[in-house]
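Trainee: So that we are looking at the same thing, I have put the structure below in structure tokens.
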Amino acid sequence: MGNRVTRDDFEWVYTEQPHTQRRKEILAKYPEIKALMGPDPHLKWIVSGMVFMQLLACYLVKDLSWKWIFFWAYAFGGCINHSLTLAIHDISHNVAFGNKQARWNRWFAVFANLPIGVPYSASFKKYHIDHHRYLGGDSLDVDIPTDFEGWFFCTPLRKLLWLFLQPLFYSLRPLYVNPKAITQMEILNALVQFSTDLIIYYLWGLKPVIYLIAGTILCLGFHPISGHFIAEHYMFLKGYETYSYYGPLNWLTFNVGYHMEHHDFPSIPGCRLPMVKKIAAEYYDNLPHHQSWIRVLWDFVFDDTLGPYSRVKRLCKLAKES
């Protein structure tokens with residue numbers, strides 16, 4: 001395996017993120033890619049079907065024993081909930097109804113949030129724009145782990161624990177790294193979500209509520225689909241901070257695996273990102289990419305050179321809001 005060096009800091013770079021320049025070059029060479037931008041007409045129907053499927057599942061699990069509640073939460077419901085978080089990711093880029101219908105997108109994200117069990121969509125939208133604008137930005141991109149996470153979760157066992165606790169870190173990290181005022185939309189998101197939880201509890205009892213929330217926590221933690229959290233931006237090869245994955249799990253995750261393409265063109269919905277790769281193949285075919293999210297998780301846990309510190313960081317100037 002050669003000599004391994006355990007990282008004790010992030011990979012600091014002093015260049016701009018690569019996506020801005022690549023976007024300019026690709027659009028100059030292939031202006032037809034602009035036609036791929038705009039809403040996905042099928043997204044609202046797919047998401048609605050997933051939400052109602054989970055509501056049906058709530059009815060079906062209400063009389064199951066607790067062991068089967070958690071089994072189905074991990075094996076089925078959590079997969080749908082994780083997929084819904086990625087639908088919310090797409091909706092945050094206004095691809096459900098288009099940029100001219102921003103409010104429709106915000107409320108549809110609240111609807112997609114319902115099976116997740118806890119309010120998520122409005123806060124995600126608030127911070128996700130910074131992840132694109134200030135990729136790797138110190139104190140701006142809350143997708144980057146904290147120094148404590150990098151320092152403490154550095155052994156295989158601790159990294160495994162960190163993967164289990166990912167939902168906790170993703171929810172609490174923004175409050176520490178880049179706290180922002182609570183918005184009206186976040187309050188409304190919470191009111192709608194907790195009201196729905198209470199209605200489900202009133203109709204069918206506690207077990208369906210636990211089924212939804214447990215599925216979210218379990219499948220956003222240590223789960224094959226969660227490999228995308230590590231695959232997207234952890235530096236497996238020096239000099240590369242974003243990676244794509246072109247495997248079959250993209251079918252369940254709204255093509256979030258096409259992550260280089262997404263950061264190059266965030267206004268293109270996930271369903272059309274494979275077309276970006278096909279049109280501008282010479283820009284993507286020779287870039288490193290992942291073959292398996294399960295292999296990503298395995299390598300992350302057992303490779304001493306990988307850990308929460310394996311991220312590119314840069315200093316970014318805060319953009320002026322228009």
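Cβ coordinates are placed from backbone N, Cα and C, and glycine is handled just like the others.
Quantities reported herein were computed from a predicted structural model and do not represent experimental measurements.
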Trainee: Pick from 188-209, 210-231: which range does TrEMBL record as transmembrane segment?
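Mentor: Among 188-209, 210-231, the range TrEMBL annotates as transmembrane segment is 210-231.
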Trainee: Please indicate, using numbers and ranges, the residues of the same chain that are 6 or more beyond the transmembrane segment (210-231) and have a C-beta under 8 Å from a C-beta there.
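Mentor: Contacts of the transmembrane segment (210-231) (Cβ under 8 Å, skipping residues fewer than 6 from its ends): 54, 57-58, 61, 69-70, 72-74, 76-83, 85, 115-118, 160, 163-167, 170, 197, 200, 243, 245, 249, 252-253, 256-257, 259, 290, 292-294, 296-297, 300.
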